[in-house]
């Protein structure tokens, strides 16, 4: 892993650490910046294994969330379990050659099924109290040093994974520590955003035989298109105006709308 990649991973983790919104945290982490650097510096091609690597990324966060939140493991031990799950998954993927289209279709189908299950589960789940996403005991300079050293170590581990180094959770190992109080919600948002990562890899795959720069440009364009399709409806919902249930001066006011009547002209 180059020093540029280490600095980039450090910047991503630092950005996640200062953001309050878990949705923004998941979106920043889903940006394919580490993937881009891995493709540029290693020269690996994007094939079916790399598409399934997105599934491995989700497996990493699910493993960390289950071991830390359900089994009450310390976050660093849960991180190691997540890395072990990703490495084991990668070994199985690399053992069998997979056609790109088959891996792409299977990953998209698995994503759609996951979104359906998460939506049904969220519909019946009680509303939870928001947590302070930025509460921790480390001073900013100490946190920066820890993030930098951790990014370097995870980068060295990723070098052992051959083609699966493209999707190795370089920053994810440290992002899981920063988002440890929101791991379940973070994992759900990242699972939704991961379809855009599949789009990025597909764009790179279909143009990688023409020009590396053109392939990366196509990948980023596909990522932006899929991300916009995933988030624009939500942006429209956020722009909807809702009146608070407060008392106004006079008249009957509901919590969601104000009724205006045209004055009648009397004779």
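For all residues, glycine too, the Cβ spot is worked out from N, Cα and C.
Your range for transmembrane segment, going by TrEMBL and the list 1-24, 73-96, is 73-96. Of all ranges given (48-66, 124-142), TrEMBL attaches the label transmembrane segment to 48-66. Against the transmembrane segment (102-118), the recorded stretches 48-66, 73-96, 214-232 differ in Cβ pairs under 8 Å, and the greatest number is found for 48-66. Within the same chain, residues 75, 78-79, 81-83, 85-86, 89-90, 93-94, 97-100, 102-104, 106-107, 110, 114, 163-164, 166-169, 172, 176, 183-184, 186-187, 190-191, 194, 197-198, 201-202 sit at least 6 positions outside the transmembrane segment (48-66) and bring their C-beta atoms closer than 8 Å to a C-beta of that stretch.
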